[in-house]
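Per Swiss-Prot, the feature domain 'ABC transporter' maps to 22-263; the stated evidence is sequence analysis. According to Swiss-Prot, the feature ATP binding site maps to G54, P55, S56, G57, C58, G59, K60, S61, an assignment based on sequence analysis.
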Amino acid sequence: MIQDSMMTETDPQVAKSPEVALAVRNLNFYYGENHALHDISIDFPARRVTAMIGPSGCGKSTLLRVFNRMYDLYPGQRATGEVIFDGRNVLERDLDLNILRARVGMVFQKPTPFPMSIYDNIAFGVRLHEKLNKAEMDARVQDVLTRVALWNEVRDRLNAPASGLSGGQQQRLCIARSIATRPEVLLLDEPTSALDPISTARIEELLDELKEEFTIAIVTHNMQQAARCADQVAFFYMGRLIEVDSADRMFTNPKQQQTQDYITGRFG
């Protein structure tokens, strides 16, 4: 696990709960003058899968990108409020974003392997944050590729370009690359939307295994996937959090009519 002074100062007013990995409080987000997220407050339980559902443009992916400050890469975007991680608000301007993004990994909708070998895709982020010798790096590469069920498929071609892998293999490689830096939180933005059913099933099985170690937040438009994979489900609509509950209760007895209408296909 990567540690740094960016996360060691704990405000007694927001001391970290061992049961909550991310605590969002009164979060608002703006694309220029467009108010995209409105007063979002939600807890992400540690070592659980939280699925975020809702129609396109409702703010799910925007929220995901707030957690590791990806929005900082684009001018005119800003967030207010709090996202408490390890006792500190990640929106603070003096945060070390390289360390934050190593501890809060992200996998995108479309597989994005780096234009380098399979081995170097895994080693790239590790080299930025740790000084491992070759044997240690080899072990790290094998470990994460094994964990995403990719090792046996690529062990004899680690030096081959990652672009030669299938779409499903590339996405598993991207997950392996994200967990290679040993983050505490893993963010996934529709990670299976571009994959075939077999590859999708493999990713879903993988999530069930990974949540034993990582806190996972996943954006999905597939409500069957949310029901299969998630412990907690949050429904968003027009930039607002409408309801959050356990997956079982959300899909069998939602409290809000908007939630009921969405999950039954009346809109969205």
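Any Cβ shown, glycine's included, is placed from N, Cα and C.
Feature map: annotations from Swiss-Prot on the structure.
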residue: G54; record: ATP binding site; CB count, 10 Å: 24
residue: P55; record: ATP binding site; CB count, 10 Å: 14
residue: S56; record: ATP binding site; CB count, 10 Å: 8
residue: G57; record: ATP binding site; CB count, 10 Å: 13
residue: C58; record: ATP binding site; CB count, 10 Å: 23
residue: G59; record: ATP binding site; CB count, 10 Å: 23
residue: K60; record: ATP binding site; CB count, 10 Å: 25
residue: S61; record: ATP binding site; CB count, 10 Å: 19
Completion exercise
In this predicted model, the domain 'ABC transporter' (22-263) has a mean pLDDT of 96
Practice task
Starting from the Cβ centroid of G54, P55, S56, G57, C58, G59, K60, S61, the recorded ATP site, name every other residue in that chain with its Cβ within 8 Å, sequence order please.
Solution key: T62, F236, Y237
